[in-house]
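S.K.: Sharing a structure below in structure tokens format, with a few things to ask.
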């Protein structure tokens, strides 16, 4: 009798790991993008929570005037934020080991870079994971394409804008009031409200909300009755049923008569593509606009564009907006510079002519 002893193949462990990572039978799909997504998002989330609760003040402007952002240093949920890295750091990569001490790293806002860079890698991988799962299931890739809009927006405010401005201190703070401060300063310095790409983004977001509400209300109003008056209409739908749950002809007829015939879709597929494409394209344009304004190609300037026959300026809303911009810029970093850049660049006329 001969006994054959075969060495266990070490490749089996790797093959089992590959099958587990790419299996669509798992409760949560991991995927190869998920292998990188999970640790990066966990790192960003953990550091954000710790920094939001207890990070010391950060010298954001690089002028030895630290700004407090954490809860333990006097802030609340509304005013709290992870303060961006110091202007003294600029665009330098600033991991913990580049600082002389942990205190220096915290003082210069190192956690902001750690959170933002890990977060961006994580959301990029999440988008890739959406594509990967769609591929495994034989689906089309439009879920990942739609998700690319908020990914592009996050990349614009957290990475592209700081690169264009020359410092991570110009990035968006990670907090509620910090976000509003970022928006006001962005308007003051770049006149974003007068940029056509931002206007397309507003149309995309508000239009998408309107179309979503219209579609949902039309479907809900034209459900095919499958229940009695005493039962909930939701019980009339069975998951996976083949027949339609609402009457698209009735919805089409109603909407066509409410506005006009060709305002209503008669194809469910083209309708849902439109509902997805409208806000996505709008947010794409907004992200592109922020990326353009990052390099100071700003919104339109119509200040003092209308004058009467005597040469006197006839004020418009553009002039009102310009005055508001100057006021916001005066208040921004008021200890870092004395005047808004727009005023400082203007040649001062002498008070007395000789």
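Including glycine, each Cβ sits where the backbone N, Cα and C put it.
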S.K.: Per Swiss-Prot, which of 87-108, 175-196, 197-218 is transmembrane segment?
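M.R.: Per Swiss-Prot, the stretch marked transmembrane segment is 197-218.
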S.K.: Have a look at 118-133, 230-245, 246-261, 294-309 and point to the one annotated transmembrane segment in Swiss-Prot.
M.R.: 118-133
S.K.: Tell me which range among 52-66, 67-81, 142-156, 157-171 Swiss-Prot lists as transmembrane segment.
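M.R.: Within the set 52-66, 67-81, 142-156, 157-171, Swiss-Prot attaches transmembrane segment to 142-156.
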S.K.: Look up residue 126 (pheophytin a binding site) in the DSSP assignment and reduce it to helix, strand or coil.
M.R.: helix
S.K.: Please give me the CB contact count at 10 A for residue 126 (pheophytin a binding site), counting all chains in the structure.
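M.R.: Step by step: centre on the Cβ of residue 126 (pheophytin a binding site), count other Cβ atoms within 10 Å, giving 20.
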S.K.: Under 8 Å between C-beta atoms and at least six residues away from its ends: which parts of the chain pack against the transmembrane segment (142-156)?
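M.R.: That would be 119-120, 123-124, 126-128, 130-131, 134, 276, 279-281, 283-284, 286-288, 290-291, 294.
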S.K.: In Å, how large is the greatest distance between any two Cα atoms among 215, 264, 265, the listed binders of quinone?
M.R.: 11
